[in-house]
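Here is what TrEMBL records for this protein:
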TRANSMEM  A:6-31  transmembrane segment
TRANSMEM  A:80-102  transmembrane segment
TRANSMEM  A:122-142  transmembrane segment
TRANSMEM  A:154-172  transmembrane segment
TRANSMEM  A:184-207  transmembrane segment
TRANSMEM  A:240-259  transmembrane segment
TRANSMEM  A:294-317  transmembrane segment
Amino acid sequence: MGEATPLWAPIALLGALCALGLAAAVLDAVLSGLPTASHPGDAVESPLRSGPLSAAGDPFREAARLLVQQRRRTSLADTLLVRVGVCGLLVVAVLAGVVLPLGDRPVADLAAGVVWFNAMEVGAWGALWLTGWGANSVYPLVGGYRFLAQGMAYELPHMFALITAALGAGSLRVGDVVAAQRGLWFAVWMPVAFAVYLVSALAMAFWGPMRGPVGPDIAGGVRAELSGPDRLLFQAGRHLLLAVVAAAAVPLFLGGGAGPLLPPWLWTSLKTAAVLALLVWSGRGLPTVRMDRFMWLSWLVLIPAALAQLLVVAVVVG
Amino acid sequence: MTAPPAAFWASAAFWGLAAVAVACGVAVFVVDSMARATFALLASLIAVGLSLLLIDLEYLGLVVILMMIMEMLVMAVFMIMYMMNPAGLMPMKMVHNNRGAALIAGTVFVLLASGVFLVPWPERTGTTPADPAHALGLSIMGPKMLVMMIVGVAILATMVSTTVLATDRGRRRGKGP
Amino acid sequence: MGLQAFLLLACALFSVGLYGVLSQQSIVMLMMGLELMINGLIAAGGAFWYHVAPAAADGQVLVLVAVTVMALEMAMGFAVTTAIFRAREVDITDEAGDLRG
């Protein structure tokens with residue numbers, strides 16, 4: 001593993017991810033508080049809406065409410081599986097972030113870092129399905145199955161986008177991918193891969209138009225029966241997942257910490273915040289895409305486009 | 001008191017993972033709930049994938065984890081589709097020739113395990129390459145190209161035949177609903 | 001964790017899987033047994049690569065093939081199960097054993 005990782009690195013990663021997740025929640029609340037946005041999607045989550053400024057406090061109020069709320073139980077629930085699922089979502093998000101450099105080097109500089117990131121975030125499949133299954137209730141189960149269908153659609157284009165970045169660098173190590181972008185960001189000369197990555201990022205965090213698995217049409221889907229601290233953990237995991245996918249776009253496509261004047265860690269944070277804001281903003285106002293339509297789009301448009309991009313990169317690099 | 005060497009921790013990690021892998025493997029056939037059985041199998045597979053990380057097989061270990069998570073989740077869908085009691089709410093057992101199977105499996109284990117300790121395994125030749133994943137890539141695109149080609153054709157054949165078998169239209173019925 | 005430790009793990013996984021394959025009635029559970037057996041193969045392949053011939057990539061190729069075989073086995077297995085179930089409403093090996101249509 002090379003030289004030892006400083007002790008503060010994991011703590012810094014955790015802190016950065018939590019801050020980003022919270023920022024995403026606040027931004028989402030503020031956007032939903034704006035008078036122009038009339039999306040009913042997350043209305044359940046912020047009942048105290050009255051203007052954007054007051055809405056900024058909604059996530060904190062909601063968290064405090066959930067912390068003291070008493071748990072609601074369903075009959076014959078598989079509590080063990082629900083717990084594994086709810087905590088798993090949080091755990092895979094943090095583990096996926098382990099290979100992302102905050103500044104110069106990541107917490108764990110793995111030789112197959114890109115594969116590690118991919119393997120960890122696929123864990124969200126398991127987490128969501130377990131949460132949906134364990135409650136022994138209809139709507140969460142429907143939500144769990146919806147996420148599997150969505151996963152089938154987004155995972156292949158997502159993998160191709162990741163592989164394209166790795167191919168451009170000729171290495172699976174995230175640090176090498178960053179180093180390969182000294183001259184030109186991958187987002188500039190692999191725009192298709194970057195776009196595919198962003199779409200799959202939304203789908204992975206079941207955010208915005210891909211919120212089907214937790215959609216209001218099935219009463220909150222996977223999280224319908226979650227209450228109290230369980231629900232808080234699940235929401236935190238979802239926001240952390242969105243944060244970590246946004247953060248991964250920076251070393252993979254946006255040149256990592258490279259930039260004039262400012263230190264690398266600040267550039268990384270700024271770029272991550274920009275991607276995160278883009279993802280959160282794009283989620284507002286767009287209608288929910290049904291899984292089968294997304295599957296159609298994914299297999300007939302995204303995968304061929306990603307493959308063509310892969311071919312172009314292979315020709316340029318080779 | 002000195003801290004134990006890295007080899008000790010690696011060894012401890014291996015035995016821990018091995019215990020998890022086997023215990024979860026046994027749990028697959030013990031638990032009632034199909035969801036639990038599927039995820040016990042997944043835990044067993046992930047433990048083996050992690051143990052590969054201990055012997056420098058970083059890429060392959062991670063690929064095993066990645067593929068198995070997706071595979072087991074698809075499996076869960078089918079388990080629940082085809083099992084009459086997927087949630088295990090009514091304890092039941094669906095086995096035939098339980099005693100014979102346990103006996104055969106036990107005998108096989110004893111035979112194999114004694115083989116493990118009796119066979120004089122060859123000495124280690126060569127050293128691990130700097131990047132095993134790179135070596136693997138060169139190998140399947142070079143001397144082991146035939147393996148890669150067969151795997152590729154097998155995947156294509158599977159995709160075609162599964163679609164044919166699973167679509168409602170079937171093999172002979174032609175187009176139309 | 002020498003070669004023998006890994007092979008012991010492989011043997012244990014293989015035997016547990018074999019028990020499942022021999023004893024389970026449901027086709028789906030039977031396939032889980034198969035997966036466990038291949039899981040043992042993966043452990044053994046990796047160990048052989050590391051402890052016997054790390055310079056050649058043969059062991060790694062074996063693991064790669066095993067992973068692919070697992071995926072193919074599952075895809076084919078479920079397709080066949082779906083076809084059988086659709087034709088005869090059967091998902092138990094004993095009942096699918098005869099060839100009557």
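Placed from the backbone N, Cα and C atoms, the Cβ positions cover glycine too.
Remember, TrEMBL labels are computer predictions, not curated facts.
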Residues from the same chain, set at least six apart from the ends of the transmembrane segment (A:240-259), whose C-beta lies under 8 A from its own: 16-18, 20-21, 24, 89-90, 92-94, 96-97, 100-101, 103-104, 114, 117, 121, 124, 162, 165, 174, 177-178, 181-182, 185-187, 190, 193-194, 197-198, 201, 204-205, 207, 265, 267-268, 270-272, 275-276, 279-280
Proximity verdict for the transmembrane segment (A:294-317) and the transmembrane segment (A:154-172), three or more C-beta pairs under 8 Å: yes
Candidate ranges A:6-31, A:80-102, A:154-172 - greatest C-beta contact count to the transmembrane segment (A:122-142) (under 8 angstroms): A:80-102
Same-chain residue ranges lying at least 6 outside the transmembrane segment (A:154-172) that approach it to Cβ under 8 Å: 111-115, 117-118, 122, 179-181, 186, 190, 193-194, 196-197, 199-201, 203-204, 210, 252-253, 294, 298-299, 302-303, 306-307, 309-310, 313-314, 317
